[in-house]
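Take a look at the structure below.
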Amino acid sequence: MRYLSEIKNKQITVLGLGVTGLGIVRFLVSQGLTPTVVDSRINPPGIDWLKQNTPTLTTRFGDLDSADLCASDMIIISPGLSLTIPAIAKAINAGVEVIGDVELFARINTKPVVAVTGSNGKSTVVTLAQQVLLAAGYKAALGGNIGTAVLDLLQSDLSNNDVDVYVLELSSFQLDTTTSLQPISATVLNVSEDHLDRYASYQAYIDSKLSIYNNAALVITNADDEATHSKAKSQLSFGANQGDYSLGEYQQQTYFMQANKAFLPVTSLAVVGKHNYLNALAVMALLSPFNISKAQYSTAFSQFNGLAHRCQFVAERAGVKYFNDSKATNVGATIAAIDSLATNGQQLIVIAGGDAKGADLNALTPYLQQHVKALICFGKDAKDLMALTNKSHLTNNMSEAVTLAKQLSEPGNIVLLAPACASIDMYNNYMQRGDDFIQCVMAEQP
């Protein structure tokens, strides 16, 4: 709280009035601060809340160049805004401090933080980690890039002392404006090409992810993904066949292994698939600083049913199973989904497409050749996907794609929506895309 006193008389600008920006404003106002609110949009999403609750705050909506950001002592920026935007870059060059909501949280918070980033699996890992902590009796708050904004969580804790530990999902965009976070444990789950429309290079994206390790008491790396590795002195690893936490055989069953000793059978986890087992191993490594029993893990694992749009089972029709992995917005996620569902030699019919955001799609090719019976494509970069295999088909929309998938399938096949692309060319978000897939599947006659 002392930090808030230190900045009370500073000229603070909140830049961006979406969900995150509104959370920043709410928090600052609740602590007696009066920020200026700036957004490039004339009517940003949070404008009605401002008018009703903080009508006296100074606001500047419209052209950022006219907002005079250089007059600020500090800018607290929403993660959706790039630091390379000319007006923002000008302020940075003028010496204005630019931070994000996670950085403000880190400067005030005194409770332990478990921090998770990665190209894929973040939401599943943090949700499962919270459930394990709750089963062990900890008051665990989940937020960041999922659910509740970090400053809303912090405000609740400052008022009610209702948090023992924070479990935070953090995007690379959030990490770019965060330097003070000191997690009790932190991981980069995996890295695959994504957001290359925002970063100058793939390495710049990797470096952004790896910054989560800075100041972490314990670093958790993926033994199977060299891009996640660290030179930190205090670290553990997880992996399919290697690492401190891994998968192994014991008494003719596959087990979660801890230091090569059988811990729990993978059947203790309610969701199936290699990617889910790896997520569980990551959780075990992340939570190693906490006192959690095998029974408490078993309880949480058995009650975890996964998240919507993440390899979500939709239906079985005429012996064909349909899975919705609309959250697979990059190549790595689609590979993980194919690899997980094709474990018993099933032939997959994959529906993919959307905006690839400049990513290299070629890593998909061996998986398409080995496990995929047909690749059905639509969306902005459909033709780039089609070039990967001679088993590809072009459609105009989700309805056509699902209908064609039904025609091409036979009993024992799996139809998988795993787009390998963002949804923004045709949908508001990946959830809307996944819901469209589900509706199309359910509309097909069995």
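Placement of Cβ uses the backbone N, Cα and C atoms for every residue, glycine included.
Feature annotations, reproduced from Swiss-Prot:
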BINDING   G118, S119, N120, G121, K122, S123, T124  ATP binding site
(message) Among all protein chains shown, how many Cβ atoms are found within 10 Å of the Cβ of S119 (ATP binding site), not counting that one?
(response) 26
(request) Note the Cβ centroid of G118, S119, N120, G121, K122, S123, T124, the recorded ATP site, then list each other residue of that chain whose Cβ lies within 8 Å of it, in sequence. (result) V116, V125, L189, N190, N279, A333
(request) Take the Cβ of T124 (ATP binding site) and count every other Cβ within 10 Å, whichever protein chain it belongs to. (result) 27
(request) Write out the long-range same-chain contacts of S123 (ATP binding site), meaning residues 6 or more apart in sequence whose Cβ is under 8 Å from its Cβ. (result) N145, I146, E169, L307, R310, K327
(request) Starting from the Cβ of G121 (ATP binding site), draw a 10 Å sphere and report how many other Cβ atoms land inside it. (result) 24
